[in-house]
Amino acid sequence: QINFVACQLFALLAAFWFRIYLSPSHASSAVRHAFATLFGIYFAVFCFGWYSIHLFVLVMMNYGIMSMASIPNIHRYSFVVAMGYLTLCHISRIYIFHYGILTTDFSGPLMIITQKITTLACQLHDGIGRQAEELTAEQNRLAVKSRPSLLEYLSYLLNFMSIIAGPCSNYKDYIAFIEGRHVHMKLLEVNWKQKGYDRLPDPSPTGAVMYKLCITLVSLILFLTLTKNFPMAYIIDNEFLDKTPFLSRLGYLYVVTQAAKPKYYFAWTLADAVNNAAGYGFSGVDERGTFRWDLLSNLNIWNIETATSFKMYIENWNIQTAAWLKRVCYDRAPWYPTALTFILSALWHGIYPGYYFTFLTGILITLAARAIRNNCRHYFLSSVPLKRAYDVVTWAVTQLAVSYTVAPFVMLAVEPTIKFYKSVYFHMHILSILVLLLLPIRPQTHSVRRAQNQATMNSIKSK
């Protein structure tokens, strides 16, 4: 943890230096690629020592696939090799090193690199191996039309801004940033003359970086004060279970889940700030004319804490991973995309049994929540009081459902997970199954979703 924080703070300083002294106006794209890669390699070695070789082995193996594989199969080969290597590393870290050697915990960077490898492979397949009319609007926008050079490939995967904690970004966005087109492309989407500007403005990320650093500081304080004082293990303590009523146990479950969040808020917001400090992450201008630097943001804390649906919560938590799952799995799965996406998410996270309890439970609750929303929500939209009451109830249910679902993710092992679910009578599992029996959802086939995607593209084109 100390190495992680030290690396990210050094990366923050390096990012400011990179933006000021190696800006596109001062250095060529090749120089920027080279420095970003060398800094990234240095930080990886500093954090993980010789175990960082796993990162480089995976990167070079997949560069071979990227260079030589046929385009129709490039995304399949890349996916199998990257996920296979990641899974083997997860297994070895647990069963060979027995969880205890912290320097072997190189899985975080390896997970990010796996995301990037599979993202690039799928977007390369879209750009060269498929027709434009087969793609969604997003796939068309992100499609890569030519294989990357070795330097571009290494820079995208190993750059210092994201190698330690991510996030995963799209290849075309990253190349546009290195070449100095990143901000300019977003600014051209706005009619600045109509706003009284005679030339394009020059957005600075400094304000966004300072704001995100404040969030990281608050998150660090909360982590040091709350997380250790409200351990998840307490909810399966025998004395606690014997003396605490059911509703009180649910309330405490919500509290300990809240206490587990600050470390994620800290790590992801700091990683976002590092990218912004380098000048990467500009996403455009909002309706109020404010410059936005959230292209790479991994979470929206306000939307997480006020989520009124399981879907809304998931969409605002680990945003870039959710986007990756959608692009490489959900949009490409021929059947049962929700189930397959949750299974891939569990496999990507690792092989702890708790992960699979969480994601399999998540499938049930997601489908049940979707059924309830589709069949009931419209009855509560006729008046403001009804809508507010619906929002309050769905907020409470969503927060409890999330707490119920993620508890095994923190506990990791089978025995405490079963003990926890027994202590709360498997109530969310039972309710979800009853909902699905009464309000079943038919899974969308690939052809149905393709028709919907085509309709979306046609709508965008007509606008």
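For all residues, glycine too, the Cβ spot is worked out from N, Cα and C.
According to TrEMBL, the transmembrane segment annotation covers 39-65 (among others). Below 8 angstroms of C-beta separation, residues 3-4, 7, 10-11, 14, 18, 74, 77-78, 81-82, 85-86, 89, 103-106, 109-110, 113-114, 117, 121, 150, 153-154, 157-164 of the same chain, each at least six residues beyond the ends of the transmembrane segment (39-65), sit close to that stretch.
Sequence annotations record features per position, and here TrEMBL assigns transmembrane segment to 77-101 (among others).
The transmembrane segment feature in TrEMBL is assigned to 208-226 (among others).
The annotation transmembrane segment is assigned in TrEMBL to 333-349 (among others).
Under the heading transmembrane segment, TrEMBL lists 355-372 (among others).
Here TrEMBL flags 392-412 (among others) as transmembrane segment.
What TrEMBL records for 424-441 (among others) is transmembrane segment.
Recorded stretches compared: 208-226, 392-412, 424-441; the one with the most Cβ pairs under 8 Å to the transmembrane segment (355-372) is 424-441. For the transmembrane segment (392-412), the list of distant contacts is 232-233, 235-236, 250, 253-254, 256-257, 260, 306-310, 312-313, 352-355, 357-358, 361-362, 365, 369, 420, 424, 427-428: same-chain residues at least six beyond its ends, Cβ to Cβ under 8 Å.
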